């Protein structure tokens, strides 16, 4: 039996993820007029461009909602964001600049917490504003059904009747004005923006063209660091972790992780830290492009990664990075709470993050330009005296190294033999400019 409803279920409770914007406002009022019983659920995700959350449920009631609730998701959002940081769950990078999966994390929190609230109210039909070409339609589908197996999905933007009547923003604005709500359509931007406390996503419209760059974006969490008229002074900041948890910035301890991340956003935002321009693969395998902001997570990640490399050994770090990339993809695909994701995440939190205690001092400049100034931790396995070039007491002698190098003769000989075989069968045909050695066997001499 299909869980997708293609037409409006009249006479039934329908929950809608309500942002208060034009799209969801028009959809809610339209559903009311068509005979459904709409309930509005608004997630407080600490969006930097939203300054009055309390007014949103009131507007929903005004537009015809039978009930409206504001769900504070900030603590859970930050908890999941820190869990992603601890496990390195970030798979999208360009030349070392990372996208911190802030929208997928937000969808995991929104999808589960709003549907849980709906379930409490006896609402088993859910709608939201995601389109059929994007990632969110699948993310919300998965998270919603995880929480409520009886959930049905109704999306006005998949209902042809709704599309025929209110297919564009101009039509929706006129519809709301005719209903007496004097709804003023906001100015059309050159791109769309979605944000939460962890970060912001700018995409679509003009940004779909790769000829348009980051310079057309007006940052909402930081500064346009690429502009010459934006003055940015270098700033030193210290970040302290205890057992994998960020606990202090510039010596100030924060008991509330939300407040710590807000301050990290302010610090990083002053420099435009954490902005990136990425080409990525959506869940349906089509490529898309986004410009992202995440100043606070970027700041914490610099310090966390520095401590990871100073505390853990090479094989542990390699496993952490490989698992992190796999986990990042699962998170992106809406599988953050799937068993395989939980296994990868908790492994990193237990065996990597728990040892991360220490303090890192960083100098921030413009954009992602920074320097690490100092690293302190009681758990460091970095011991400079072991490899010092000065004359100090050493853990091994020159004779020990001679023995170690002599043992390498075995695999060097094996490598030489393999290269010779590859050359004989035509797999290797190095020319004069090749860095590969001209391998010859005894019979070739």
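Each Cβ is built from the backbone N, Cα and C atoms, and glycine gets one as well.
Checking the candidates 63, 99, 320 against Swiss-Prot: the one annotated together with 135, 139, 192, 201, 203, 280 at the L-citrulline site is 99.
When the candidates 150, 159, 164, 194 are compared with the ATP site entry in Swiss-Prot, which names 17, 18, 19, 20, 21, 22, 23, 24, 25, 43, 129, 131, 136, the shared residue is 194. The highest number of surrounding Cβ atoms within 10 Å, among the binding-site residues 19, 25, 131, is found at 25. All protein chains included, residue 201 (L-citrulline binding site) registers 20 other Cβ atoms within 10 Å of its own Cβ.
All protein chains considered, the CB of residue 129 (ATP binding site) has 19 other CB atoms within 10 Å.
Considering only the binding-site residues 131, 139, 280, residue 21 (ATP binding site) has 131 as its nearest partner by CA-CA distance.
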